[in-house]
């Protein structure tokens, strides 16, 4: 079978997905989704949000560094960003945004967000992924709370992230 020039261009197009979040801190659930997404796309960009209404434990620079320490795969990049996600996605040449869903309660908000993103960037698709069953209940806010109360978070985050949390909280 012979491909036309147009078909060759489509075949050679790099498939880029963006996985945005605050990642304060990045958890094993986040890692699971990113690694599985990396098997589906040529490149996955972990987009760490700087401008957020959330009160973060770690600065943007620290959150980016923690995520970079977790992902050393050649097709996973970690970048911080401020401003509108869709502007960042377009600037990276991405066609897909990955969103994690832990429970049905996440779906309504994520569905609305996907609709708004599609209005802002009509060529964008949103892929909803659920973490592996053992990570379904993990959230960054729960990890922070457990750590603040002196609990062990090693089963929820990678060792380097656990160390950073302990240092930050002086636990």
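Using the three backbone atoms N, Cα and C, a Cβ is placed for every residue, glycine included.
All TrEMBL annotations are machine predictions without curation.
A quick note: this is a predicted structure, and the numbers were derived from the prediction, not measured.
Of the listed candidates (108, 110), TrEMBL assigns 110 to the same ATP site as 22, 23, 30, 100, 101, 102, 135, 136, 137, 138, 139, 140, 141. Sequence-distant neighbours of residue 85 (substrate binding site) (same chain, six or more apart, CB under 8 Å from its CB) are 18, 20, 47, 49, 97, 117, listed in sequence order.
Residues near residue 110 (ATP binding site) in space but far in sequence (CB under 8 A, at least 6 apart, same chain), listed by position: 99, 101, 126, 128. Those residues noted as binding substrate (22, 54, 85, 99) have their most widely separated CA atoms at a distance of 18 Å. According to its DSSP assignment, residue 54 (substrate binding site) is coil.
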